Amino acid sequence: MDICVALGGNPNAGKTTLFNALTGSRQHVGNYPGVTVDRKEGRYVQNGHDMHIVDLPGTYSLTAYSVEEVVARDFLVNECPQVTINIVDASNLERNLYLTIQFLELGIPTCVALNMIDVARSRGIEVDHQKLTRLLGVPVIPIVARSGLGKQALMDAVARVAEAPRPQPLRVSYGRDLETAIQEMEPLISENAFLTAFYPTRWIALKYLENDAQILEKGRSTDRAVSDQLEAVTRKVSAHIEETLETYPEAMIADHRYGFISSLLKQGILKEYHDRNRLFLSDRIDKVLVNRFAGPLIMFGVLFALYQFVFTYSEVPVGWCETFFEWLADTISGQLADGLLKSLIVSGIIDGVGGVLGFVPLILFMFFGIAILEDSGYLARVAFMLDRVFQMFGLHGSSVMAYIVSGGIAGGCAVPGVMATRTLRSPKERIATLLTAPFMNCGAKLPVFALLIAAFFPAHQARMMFILTLISWSGALLAAKFLRLTVVKGPSTPFVMELPPYRLPTFRGLMIHTWERTWQYVKKAGTVILGISVLLWAAMTFPRMPDGQIETYAAQRSQIIAAAPAAAVAELEQPLGDSPLSSDAARLKSELLVVQGRQSAEALRHSLAGRIGSTLEVVSRWAGFDWRTNIALLGGFAAKEVIVSTLGTAYSLGDVDAQGGDSLSARLVAEPGWRVLTAWSVIIFVMFYAPCFITVVCISRESSWRWGLFSMVFNTSLAFLLAVGIYQVGSALGY
Ligand code: GDP
Ligand code: MG
């Protein structure tokens, strides 16, 4: 078999030595076309192998900074050697692996020759090459090039790699900002088949971010329009990173690659590992923060402190918001005549969208806290620690990031979470992650929880949020285990997590990150949620009660007024100042309100949504949900924020106190159907039931529509079972 093998590595890794050991006298020296870089070629003919070997110029990187790098890369891409031997200096592993990562990212079949193990050993360093093989996904063969030790094993491995199918390119994840940019660039590249004949899609995007001169030039001459768009994305993200993190994409990419290597080496690859690199301080901090025992405790402490901070400091501004929307509703009610328009504006829009917007301060504080954790690099450590736990539940270390992005700490979004599962290479682990990441407490569930917590657990807000976080993680992990034991059975794959160095977040960066995400929440409330609220308001208003019934209520009111003392009626008709009503007038008022309330409730029941909600009560009663809650939960299929807005509208439309003005949480507490147990049941149901519509679309796009459908059915059944369990057991125990 005649196969072409390239030999690449850092300068002084021992390439020439290995080349000579392999080819003996069968070699000749030429030049790479156009440049004065030696091109040495030779043959390896032994043990049934016949291979053509090319010694590449030594490089530290595959980005087009120097002639050597361009020559090496062009050779790999244009002449397509079947296998590349990456020779690595074992005594200087961290630095050498930097190039290895880039070979793997380029997706070329690679075999690592772990050279100079004699030198490494003499310095007291032992490399676990089997573990490294598993983590990198390519064979790692220890050799001593100078003595020829391991040469045969190496070439046998090369032959095996040559026969194996071409590997998937390695995906290192580069942090939220860059990943967003890459996600934006990838479709542009693949849809236009832009340079994809030569390079992997993601790799091209990365090279644009790295400002790779050669790729930029090639890109411009291939397709100016696409290349302009890619450059624009690069400029945008560069400016953003410059502003928030005071760095630039190239440096960030390098940081994450080193982070990847650093965490790889932390998994017991090196015995006797003396760290002399620039991550020194970070490693010292990590000794404590990711310590086997102290680490998890610190993590829980940080989480609890975050919730304490969020709920303590957001309470006052959330109160202001509530007061503002109550005032707005009152004022507008006073200005408009009774009728559909008033109902739409007050019940549909203000009580609906206002309920969602009222939580902006809380969301803002939560995002601020998360920005600190993320920008400082602590979040990556959380993922690192949880990795061990995740493996036990049949998930992959990369699933941790998908969970956190989906709202693992609270306040994320399952849509980018679902996208983040792209870093998972095993399809089964990926499906399990896709299906369970929506169990996290995303930013849209947060107002639902905050509402119910404020109403029913006012004394323990942070503690409740902490408990809910634990419940969602446990639920997600158990569900994942269940899925991995049933529908997506299969072995688990090894994993390396990036551990970027710690950095002190800049105030400006924190502000921008917080603001970006908060603004998204506000924007969604003002557009999508507003639209759905109005639709649901219509469903809760039409069809209207028959005129006959409306007249019956009007007649009842007239009767009450006729029976009341004239003075009281007059007093009610012209309320003067804030002086308290006389007892007669107060009684009259409350009697009228009871009728009004009954009428509103019946009108709501008569509406389309009311009928559906009432029909569902047959089943939902088991979980303690009344028909109005059903309406809200149905609305939540579209988007979870809608639960709050729909509850707001439903309890406003069907309100017994027709004057409005009470906050939704106060209304719920006053409602006879609601108690602490109901709140628990609703919270758990909301936590686990079907992902919102957009997430289902994403899940379908990332896997297949079958899995999208599965996620709706599976999650809703699970959620309902849990809610029924809680409600029934709780009721039986007398709660
Ligand atoms: P290149 O720059 O990658 O071509 O590296 P060379 O092949 O020129 O090797 C650099 C130096 O490392 C030379 O002095 C080699 O003799 C030495 N060297 C190469 N491989 C080994 C090895 O396995 N063990 C030891 N001790 N020295 C080696
Ligand atoms: Mg050399």
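In case you wondered, yes, glycine gets a Cβ from its N, Cα and C as well.
The number of other Cβ atoms within 10 Å of the Cβ belonging to Pro57 (GTP binding site), over all protein chains shown, comes to 21. DSSP assigns Pro57 (GTP binding site) to coil, not to a helix or a strand. Here TrEMBL flags 9-16, 34-38, 55-58, 115-118 as GTP binding site.
The Mg(2+) binding site annotation in TrEMBL covers Asn20, Ala21, Thr23, Gly24. In this structure, Gly24 (Mg(2+) binding site) belongs to neither helix nor strand by DSSP; it is coil.
Taken from TrEMBL, the feature domain 'FeoB-type G' covers 2-164.
Annotation comment: TrEMBL describes 289-310 (among others) as transmembrane segment. Proximity of distant same-chain residues to the transmembrane segment (289-310), defined by a Cβ-Cβ separation under 8 Å and at least 6 residues beyond the stretch ends, is recorded for 362, 365-366, 369-370, 373, 378, 381-382, 384-385, 409-410, 461-463, 465-466, 469.
If you look up TrEMBL, you'll see 344-371 (among others) marked as transmembrane segment.
If you look up TrEMBL, you'll see 400-419 (among others) marked as transmembrane segment. Taking Cβ pairs closer than 8 Å, the transmembrane segment (400-419) reaches residues 173, 176, 180, 183, 303, 306-307, 363, 366-367, 370, 373, 379, 382-383, 386-387, 390, 433-434, 436-438, 440-446, 465, 469, 473, 476, 497, 517, 691-692, 694-695, 698-699, 702 in its own chain, all 6 or more past its ends.
If you look up TrEMBL, you'll see 431-457 (among others) marked as transmembrane segment.
The feature transmembrane segment is assigned by TrEMBL to 463-483 (among others).
The transmembrane segment annotation in TrEMBL covers 521-540 (among others). Non-local neighbours of the transmembrane segment (521-540) in the same chain are 343-344, 347-349, 352-353, 356-357, 360, 363, 443, 604, 607-610, 631, 635, 638-639, 641-642, 645-646, 649-650, 653; each lies 6+ residues outside the stretch with a CB under 8 Å from one of its CB atoms.
The annotation transmembrane segment is assigned in TrEMBL to 677-700 (among others). Sequence-distant contacts of the transmembrane segment (677-700) (same chain, six or more residues past either end, CB-CB distance under 8 Å): 414-415, 418-419, 434-435, 438-439, 441, 444-445, 448-449, 452, 455-457, 468, 471-472, 475, 623-625, 629, 633, 636-640, 643, 707-709, 711-713, 715-716, 718-720, 722-724, 726-727, 730-731, 735.
Feature annotation from TrEMBL assigns transmembrane segment to 707-729 (among others).
Checking the binding-site residues Asn12, Lys15, Asn20, Thr23, Met116 against ligand 1, the ones whose Cβ sits under 6 Å from it are Asn12, Lys15, Met116. Note on the transmembrane segment (707-729): residues 431, 434-435, 438-439, 475, 479, 487, 622-625, 677-678, 680-682, 684-691, 696-697, 699-700 of its chain, located 6 or more positions outside it, place their CB under 8 angstroms from a CB of the stretch.
When other Cβ atoms within 10 Å of the Cβ of Thr23 (Mg(2+) binding site) are tallied across all protein chains shown, the result is 21.
By the rule that a residue counts when its Cβ sits under 6 Å from some atom of ligand 2, the binding-site residues Asn20, Ala21, Thr23, Asp38 yield nothing.
Taking a C-beta cut-off of under 8 Å and a sequence gap of six or more, Ala21 (Mg(2+) binding site) has these contacts in its own chain: Ala145, Arg146, Gly148, Lys151. A 10 Å cutoff on Cβ-Cβ distances gives Lys15 (GTP binding site) a total of 24 other Cβ atoms nearby, all chains included.
When the binding-site residues Gly9, Gly24 are compared by the number of other C-beta atoms lying within 10 angstroms of their own C-beta, Gly24 comes out lowest.
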